[in-house]
Amino acid sequence: MAIGILSTLLAKSETILGSGHSSVVSMNLFVALLCGCIVIGHLLEESRWMNESITALAIGLCTGIVILLTTGGKSSHLLVFSEDLFFNYLLPPIIFNAGFQVKKKQFFRNFMTIMLFGAVGTLISFAIISLGAIHFFKKMSIGNLKIGDYLAIGAIFSATDSVCTLQVLNQDDTPLLYSLVFGEGVVNDATAVVLFKAIQSFDLPHINTTIALQFVGNFLYLFISSTLLGVLAGLLSAYIIKKLYFGRHSTDREVALMILMAYLSYMLAEFFYLSAILTVFFCGIVMSHYTWHNVTESSRVTTKHAFATLSFVAEIFIFLYVGMDALDIEKWRVVSDSPGKSVGVSAILLGLILVGRAAFVFPLSSISNLTKKAPCDKIDFKQQVTIWWAGLMRGAVSMALAYNQFTSLGHTQLRGNAMMITSTITVVLFSTVVFGLMTKPLIRILLPSPKNRMLSSEPSTPKSLTVPLLTNGHDLEAYESDRNLITRPTSLRMFLSTPSNTVHYYWRKFDNAFMRPVFGGRGFVPFVPGSPIEQNDQQWQ
């Protein structure tokens, strides 16, 4: 009955009311599905197995089956995938909110380990997956793939998706583990995209020493310049809002300016062919450190929830579409004559992902542990297994990069392109659903709740209960730092064993002396007559 109604609705919209109205009907149905994902995800929130990502994928698959039946096998999705839609509208709020909400102290205390996993680890994984693809796929004769395609495969499947794991980990119970998984995930995605762009910009079939050095130089240039652009955009927004203080007239202007400046940093990075992911991530960090403290209290609450909501909806949108697109008949028709080979390609890719991930997590964790003396700062074996597992899922970034690489010529009519698109879909679905379903039980076994707090890289304190409830974590970090809750190193040995604490200490001194007086921040916003000064913050100091 429901299938007949949906079929009639789609048919009437196309034949009677025209294609314009058909797109409106499709958007209405898609938005209704988004609402369904939110409601069902809420009902399953306490489930031992399910999470938002898997719920959206499952609903997308079911919807795709219904649409396939109503259209006679012609289509399985309501919207046509657009790379511009993903990179220009869905990805920015997700990455920006990641930087805006991150606990900066934990992130920068573990910055070297995060960069070790996110940058060096991604390069190791990229090399293993690329070499494995060249070795196995050439023997399988899956299609006419070039050297650039094999290297692109390495970049595509090096991009992790840690959403499932982060939904299970508790940021307060396991701050060290959460900051490592979270930070590595963002830096990993940025590194994978930078690698992908660098591969596309070079003539790889005629590679030599000069081209290889140019490749490395281009990679470093993209990485550094993208980060600097994000920092500059964040500082500019902080300076403008501090000097003009929009909030004395309208908090709407403050909120609008923060959102637009963040989005402008992303689009500027795209305009200059940089890594927009890195740019908007560091823009979010800088905005949370300076700009957020320069606005009114109402603007703080509004921006916190606005950014989180946009990110939440964008993530559900992506997973819902991936679920529907997995059944796209056009892609599967090309490889339908050799299903065994398609399964083999997907299995090989999954194996390479497992090996590539393990090849850097365990060795780099051991290297990181050598620089730390305190047992609570070291990454034990169970935590290493959790970090390894967290990066096995593949998601929207891998899908978008695969579409970019393998649909530019002849869409998916070329056998090699169709094989890689369908294999990417299979890997994303399998890793998200199977690995994702096993995430909660695995973490409960490895990190039992009573011991979670023992894994923290810093002792928990009931003083966190004495700060205002509407703080989103930013004031808590500053409060803890100002009260010197973290013991500072007092000897050369402690300096060598916990260098990140000392770096953070000297950064705070530099920040208070030079940066905050210019760009604002907590405790450095000048009093403006009629403005809501931070009375709530001051009474807790």
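Just so it is clear, glycine is given a Cβ too, placed from its N, Cα and C backbone atoms.
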Annotated range (TrEMBL: transmembrane segment) out of 256-274, 275-293: 275-293
The transmembrane segment (275-293) vs the transmembrane segment (85-102): 3 or more CB pairs under 8 Å: yes
In contact by Cβ distance (the transmembrane segment (418-438), the transmembrane segment (344-364); 3 or more pairs under 8 Å): yes
Contact yes or no, the transmembrane segment (56-73) and the transmembrane segment (385-406), 3+ Cβ pairs under 8 Å, gap 6+: no
